[in-house]
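Visitor: I have a structure here, written as structure tokens, and I will follow up with some questions on it.
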Amino acid sequence: MRLILLSGLLLLGTFLVNGHDADPEGEVLNSVLLTLMKLQKEFTNLFHAFLTVHKARSFGSGSERLYVSNKEIKNFEALKVICKQAGGQIPSPQLENQNKAFANVLERHNKEAFLVVGDSGNFTNWAAGQPNKADGTCVKADKQGFWHSTSCDDNLLVVCEFYFI
């Protein structure tokens, strides 16, 4: 989309620099301006459509964060790479509604998944007897959203967190 807009601006700039001799009626200039206005309107419509979908997803989960699984089963190190490549991060719920949205994904897939709790602020959701470093230095969430210490070598459901706006 940006490439098209930049191309239109380049064409418009070239036209203005070269003068109006090649297009005395201004047809090319009007055509370029009309195309740019259509593209701007289309971009605005796409942006509003994106916001509508985002708001609907947020409304349904009660969270401004989106938790998504690719259904793969991986260890913590592989999860870091996958989430980064996808443009997301390892889940780090900082509020109860975010943890619930995360737990909904786990319940739907009937699996457990890693999360990061170091930057979870004041919110925690440790299971009884947890954290227990003897179980491992990583943290997983069960299907109910309770947190447990676990080994980073465990293979769990890949879930990444995406934060919009």
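For all residues, glycine too, the Cβ spot is worked out from N, Cα and C.
In case it's useful when we look at the structure, here is the feature table from Swiss-Prot:
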DISULFID  Cys83-Cys160  disulfide bond
DISULFID  Cys138-Cys152  disulfide bond
DOMAIN    46-161  domain 'C-type lectin'
CARBOHYD  Asn122  N-linked glycosylation site
SIGNAL    1-19  signal peptide
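What's the neighbourhood like for each of these?
Guide: Secondary structure from DSSP puts Cys160 (disulfide bond) in a beta strand. Over all protein chains present, the Cβ of Cys160 (disulfide bond) has 22 other Cβ atoms lying within 10 Å.
Cys152 (disulfide bond) has a Cβ environment of 15 other Cβ atoms inside 10 Å.
Listed in sequence order, there are no same-chain residues at least 6 apart in sequence whose CB falls under 8 Å from the CB of Asn122 (N-linked glycosylation site). Mapped onto three states, the DSSP output places Asn122 (N-linked glycosylation site) in coil.
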Visitor: For a quick check of packing: other C-beta atoms within 10 Å of the C-beta of Cys138 (disulfide bond), how many?
Guide: 22
